[in-house]
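Novice: Take this structure first; my questions come after.
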């Protein structure tokens, strides 16, 4: 019975970690593609933005690799100790994920203010028809999000000297909708930072749902690991019924020592 139970939990444990592996590979390569293709746009968010994303991705990858290694070794060697380490790391990962989410929500205004400050600085350095990374990043951002400026297209006139004292259009061509790479007459009225905050606010429930789903999945994996560990321990007890429990030895030694300490010493004259 226990042997069948152990095989069942091993299969469930393997499936859960295989799904975790596939999800992690998709997430890592997706974020890497985003970082490579949109590096200039990420840099607009601040000099700290790209390193932060890179370090976060590195820590996540390292944690997943350790989890998968512990799960393989614990299941292969039938080691409750390694499985306990797996469960502990899972809960550390869950706590880290929830803490990061909580602090991102708590300091969201500080983060937005820091991004705004960086965008106000880079918008002053923009030059149209310039092949610099900064100018390309602004053009890519405005075309991708269909936005213009930070809060409104008027930001270009206020913050960029190149558009302050000119006649005609006082904003880049990337502020216009394009058809076959040809700008049309329709301008994007919303600012880019405003557009980003609106997208986040409109999708905060789906984002929270994804985080909750990841947390729930990790907890299920930890519960399967605990069940597998108990099954392995029961199987070991059945195979070695006369094995001496070290805990009982320690308890017995402590009982003997306490008894001896209370026994009066008799002296003979």
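Indices start at 1 and increase along the chain as displayed.
Cβ from N, Cα, C; glycine included.
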Novice: Quick test of your reading of TrEMBL: among 48-70, 117-139, where does it put transmembrane segment?
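Specialist: It is 48-70 that TrEMBL describes as transmembrane segment.
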Novice: Who are the chain neighbours of the transmembrane segment (48-70) in space, where the CB to CB distance is under 8 Å and they lie at least 6 residues beyond its ends?
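Specialist: For the transmembrane segment (48-70), the far contacts come to 17, 20-21, 24, 27-28, 31-32, 35, 39, 42, 82-83, 85-86, 89-90, 93, 114-115.
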Novice: Where else in the chain does the transmembrane segment (12-36) make close Cβ contacts, counting only residues six or more beyond its ends and a cut-off under 8 Å?
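Specialist: Same-chain contacts beyond the flanks: 42, 50, 53-54, 57, 60-61, 64, 67-68, 71-72, 75, 217, 220-221, 224-225, 228.
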